[in-house]
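Now, the feature entries from Swiss-Prot:
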| type | residues | note |
| --- | --- | --- |
| BINDING | Tyr147, Ala148, Gln149, Thr150, Gly155, Ser156, Gly189, Arg318, Gln338, Gln339, His340, Arg341, Gly409, Glu434 | FAD binding site |
| BINDING | Lys283, Ile284, Gly285, Tyr286, Arg293, Tyr431, Glu432 | substrate binding site |
| SITE | Glu299 | site 'Important for asc-omega-C5-CoA binding and thus substrate specificity' |
| BINDING | His340, Ser390, His394, Gln402, Arg525, Ala526, Ser527, Arg528, Tyr573 | ATP binding site |
| ACT_SITE | Glu432 | active site, proton acceptor |
Amino acid sequence: MANRSIRDGDNPELLEERRMATFDTDKMAAVIYGSEEFARRRREITDAVSKIPELADIKPYPFLTREEKVTEGTRKISILTKYLNQLIDRDNEEESLHLHREVIGYEGHPFALHDALFIPTLQSQASDEQQEKWLERARRREIIGCYAQTELGHGSNLRNLETTAVYDIASQEFVLHTPTTTALKWWPGALGKSCNYALVVAELIIKRNNYGPHFFMVQLRDEKTHIPLKGVTVGDIGPKMNFNAADNGYLGLNNLRVPRTNLLMRHCKVEADGTYVKPPHAKIGYSGMVKIRSQMAMEQGLFLAHALTIAARYSAVRRQGHLDDKQVEVKVLDYQTQQHRLFPSLARAYAFIFTGFETIHLYSQLLKDVDMGNTSGMADLHALTSGLKSVVAHETGEGIEQARMACGGHGYSMASYISVVYGIAIGGCTYEGENMVMLLQLARYLVKSVELIKAGKAKKLGPVASYLADKSDETDLTSLNGYVKMFENMARRQAWKATEKFLKLMESGESREVAWNKSAVELTRASRLHTRLFIIEAFMRRVSRIEDIPVKEVLTDLLHLHVNYELLDVATYALEFMSFTQLDYVRDQLYLYLEKIRPNAVSLVDSFQISDMQLRSVLGRRDGHVYENLFKWAKSSPLNNADVLPSVEKYLKPMMEKAKL
């Protein structure tokens, strides 16, 4: 079998690992990225980028100031725009995303939200006439846009957004206004200094009637001078935990007037006389958010893959301590504790990516259905992606932090780059909806499903919730399907338990809101179990369709590791369905599959095919030459430009001289 990462001159420690591969890493990459064609295109794009010197980092990112990071991201994006047509198919979103990650990494750039939310929202919410006016300009990058929804005082609670858009019938204009400090738009990427347009989410008000949040196309800056327009207050919100090459911003609007036709009108409309034509589905305007959430499982899986590539490779290079042979130190990756720290997260990375394929497909199908006037799948996908967004982002953060600690002291260095990946990934716990709020949105769906069953209407359940009506308590763990049944038992029991608590509180006289709040912890637990069940099923479905036998065998091992680890992780919910003997069996199976995965561990992370340019890690570099390059990296620190720092001359030397007196 072939690990395609082998090159002459590699560290012998990694060469030894790669020669143990039982599968072809290119074929595994085709499974990870959905097709042989796209896996090949990723490699071609990576190779092409490596031949353009202008796109190389001017110096390691950790040594750049914030302003230098913003400038570097902007420099690269301007150069990249020049080469786009020869590097990628501009209509291929996957190719574009890979190219930008290859060149810019995770630090951010002015077109991140432009491509991820601004353009997709125009595609899904703007009428044909509006798309003709704005969409091609956005695609050509004549204008730079952002998505301005979150406010300083309100994030996930869209019902209480303060920004208003009052319709003036006489002038046929909307008057947009942020009446308070807490109404300021806050956080949108590129809003601070880069973008000149924004899709502003504001409360639509006609004749004092509030029709809820709607999208408005708003010009913020003059297209020639880039100076903010009158009535627009805009700026950068300052440094963040990470993503500091992005100018996340604030926006205030002081009675800014825009034409009536700047309301995005694909699904709703305001006539000249103020007549409001409502959309076919109340949440159809949220399709942009649903898209982001549908992509998040895959995106977070790739963040986790990035960190694990670094940690697994370094763990195969690092030797410390002894086992049987007292003359040779052992590879850190041979310790069971290190395997237990990394391999379950590796299984999750694959599981999240495979789950992402399913949700992206479901979103694509939803768009087709909506165009045909069918919005029946909206609630199901909204609930599913809400749960996935929360569970996957949280578990990814946990896995990345474990990967960092698995690298020992060097993991704490910015040379590892893991802390950067962590800072980006855990942003997913709050952007596009705070995690607890997302779990509770899924919980509403689960409660409604249980109520349907109680009312004898189980046939109305969506396919994802149909197990809630099952009465089987099967506990056979001799097959993967048995593990699925066990998770169904746990998720069903918790969903019913949480729903019954909620209903009993209302029966006792509590208001619906208070009863919901008092049941919230149990409801979020139900949502997590439901989501983890879906992830396991998605992993199983993907593995079942693989045709290459060696690839299928190693992914089956990874799947077995995953289901055993996940079951142990939530074992308190399983105790009423399984014996302690079965629990011991699950634990033994986990340790067995840690051993089975060990020979393929490095090849499994190599299969993600993350280049050194994108990896940006001294510890995880492909050739494994860690120590000499760590020394080289340290010497490049700007503090080493002078043997004696000005601060030493100014403060320390006088202090020490004074102490001698």
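Cβ coordinates are placed from backbone N, Cα and C, and glycine is handled just like the others.
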Arg293, His340, His394 as binding-site residues, winner by CB count within 10 A: Arg293
Fewest other Cβ within 10 angstroms of its own Cβ, chosen from the binding-site residues Gly155, Gly189, Gly409: Gly409
Assigned element (helix, strand, coil) containing Tyr147 (FAD binding site), judged by DSSP: strand
Packing count at Glu299 (site 'Important for asc-omega-C5-CoA binding and thus substrate specificity') (other Cβ atoms within 10 Å of its Cβ): 21
Neighbouring binding-site residues, C-alpha within 10 angstroms of Glu432 (substrate binding site) - of Gly155, His340, His394, Arg525: Gly155
Top Cα neighbour of Arg525 (ATP binding site) in the set of binding-site residues Gly155, Arg293, Gln338, Gly409: Arg293
Neighbour-count leader, CB within 10 A, binding-site residues: Tyr147, Tyr431: Tyr147
For ATP, whose listed binding residues are His340, Ser390, His394, Gln402, Arg525, Ala526, Ser527, Arg528, Tyr573, the greatest C-alpha pairwise distance in Å: 26
Nearest of the recorded positions (Glu299, His394, Tyr431, Ser527, Tyr573) to His340 (FAD binding site) - Cα to Cα: His394
For Gln338 (FAD binding site), the one of Arg293, Glu299, His394, Tyr431, Tyr573 that lies nearest, given that the recorded positions are compared by Cα: His394
Rounded Cα separation (Å) that holds between Glu299 (site 'Important for asc-omega-C5-CoA binding and thus substrate specificity') and Arg293 (substrate binding site): 10
Pairwise Cα distance for Gly155 (FAD binding site)/Tyr431 (substrate binding site) [Å, integer]: 9
Between Gly189 (FAD binding site) and His394 (ATP binding site), the C-alpha gap once rounded to whole angstrom: 22
Cβ neighbours of Tyr573 (ATP binding site) where a neighbour is any other Cβ within 10 Å: 21
Candidate nearest His394 (ATP binding site) in space, where candidates are the binding-site residues Gln149, Gly409, Tyr431 and distance is Cα-Cα: Tyr431
Proximal residue to Tyr573 (ATP binding site) among binding-site residues Tyr147, Gln149, Arg293, Gly409, Tyr431 (C-alpha distance): Arg293
Cα-to-Cα gap, Gln149 (FAD binding site) vs Ser527 (ATP binding site), nearest whole Å: 26
